[in-house]
Amino acid sequence: MRGLLACAALARRAASAAPARVRHLAGAAEAAEAELKKTALYDFHVAHGGKMVPFAGWSMPIQYRDSIMDSTVNCRANGGLFDVAHMCGLSLRGRDAIPFLESLVIADVAALRDGTGTLTVFTNEKGGAIDDSVVTKVTDQHIYLVVNAGCRDKDLAHIEAHMEAFNKKGGDVKWHIHDERSLLALQGPLAAPTLQLLTKDDLSKMYFSDFKLIDINGYSCFLTRTGYTGEDGFEISVPSENAVDLAKAILEKSEGKVRLTGLGARDSLRLEAGLCLYGNDMEQHITPVEAGLSWAIGKRRKAEGGFLGADVILKQLQEGPKIRRVGMITQGPPARSHSELVSSSGESIGEVTSGGFSPCLKKNIAMGYVKSGMHKAGTEFKVVVRGKSYDAVVTKMPFVPTKYYKPS
Amino acid sequence: MAMAASSRLLWASRAAAYLRISTFPRAFSTVLKDLKYADTHEWVKVEGDSATVGITDHAQDHLGDVVYVELPEVGVSVSQGKNFGAVESVKAASDINSPVSGEVVEVNEKLSEEPGLVNASPYEKGWIIKVKLSDSGELNSLMDDGKYSKFCEEEDNH
């Protein structure tokens, strides 16, 4: 989940492996600006120096006045506030909300304690990933989930079609799409201390993946202790009419240490944390097993199946997948998406799916897929960037240690 | 001197950002008087038949933090308007085109360790290659500082 892309990803995509011509970005962005959707914080971003770019049909800030590098480092040192209102939050309610969702995802939703969530994957009939998502069991009859902005139409059509079929067979589940709410992400060591100043609830008892309905600054919010950076932090779903005021309150309470942070830094942060970006590191033809997310398949689900593509996935769990996602540190220029990976004997063994320069490690980091056998930490091979080969070594992820708030 | 001005500007906008004071977006980038400019945002400084090449302040500002510079080998030929290397930032890779034709006689090795020099000092410490000119007549097709400033304004307001 966590749909997000660095800015010249738009240029990267347009040009596939070819280098982006920076000077064309300004024109393209403005032309598209007219039809783009705006979040509740659009004017707020512009007022704060946000450089707005098109992303998944929305006009989003790629960065503000500070550089992507500074912004990334600041998030880990202090904190970052991100507008992720382009993502799609929805609630499933009804007697059969849980069995319904379980027919579409790999998680053991039933086993979740009330008020906790988990990362999961929506699969298709071939076991491939339709999208990744954080799903939360609020109660036995209420599930709250967030899906990627870029997959919104696809996901909602998929869920709706299956919901209709499910209800026709006597099932009881309804949905509500939370377009009346805006999602903000507050990440970093100052996230909890800052948020605590805005709520009476004791946040020290709320651990990673926990969910609460909570008043923050007087607004009725959905709060999840989760994020896309590897840092401790929260995602806050606030009524859209209060979004700007909440953002202002958070920034003020932090005395300027928590900074508005854009999608450029968000991409660097999630890559440093070893988290997949749907559309790059996960796609329709990649299974959760290949993506290294077997841990997200519930134990009972592994035994029983009952989700789309279960036969393919369970077979891969038994026999091992043919390709695997790996993290890499590379030399030379940062390896970008679609860079080829080649063994020392010259054989093509895979490709990069995400890559960039890590502001925190000051090294090139990347994720990609290699054929099984070449995936163990320490394995060396080459990455081809603009026609030249550079050293690459498989590295365990996360690249930067995570700081999730867990009970001691 | 112009260097100090651009550094001061950068510092000012960064300080302002930290203090969360609104500043106007940089209305202009530093453009030096005695250089010639290509429409792909490279500059060239000519001394006799020797030329030094780099990317402009406008270019580095749009690119963001430079993390890698792909340099050509000493001895290769470069042609006016043709790509000879690349500059990578956190967000994108950008070709560098040579504003002049000739032979590369020196490359800025410092950029391997300190690619950020391109941002901090695009016209001095961040120089990229030195070329022995093969045709000084080519300089006539490049822009002077006035034309280049206007060119940048038009591009940005496009």
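Think of each number as a place in line: the chain as shown, counted from 1.
Backbone N, Cα and C atoms are what each Cβ position is placed from, and that goes for glycine too.
Automatic, uncurated: that is what TrEMBL annotation is.
Listed in TrEMBL for this protein:
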type: DOMAIN; residues: A:41-299; note: domain 'GCVT N-terminal'
type: BINDING; residues: A:E235; note: substrate binding site
type: DOMAIN; residues: A:324-400; note: domain 'Aminomethyltransferase C-terminal'
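Look at A:E235 (substrate binding site): DSSP puts it in a strand.
With a cut-off of 8 Å between CB atoms and residues at least 6 apart in sequence, the same chain places A:V84, A:V134, A:V146, A:L183, A:L184, A:A185, A:L186, A:L223, A:T224, A:T226, A:G227 near A:E235 (substrate binding site), listed in sequence order. Averaged across the domain 'Aminomethyltransferase C-terminal' (A:324-400), pLDDT for the predicted model comes to 96. The helix, strand and coil residue counts that DSSP assigns across the domain 'Aminomethyltransferase C-terminal' (A:324-400) are 0 helix, 44 strand, 33 coil.
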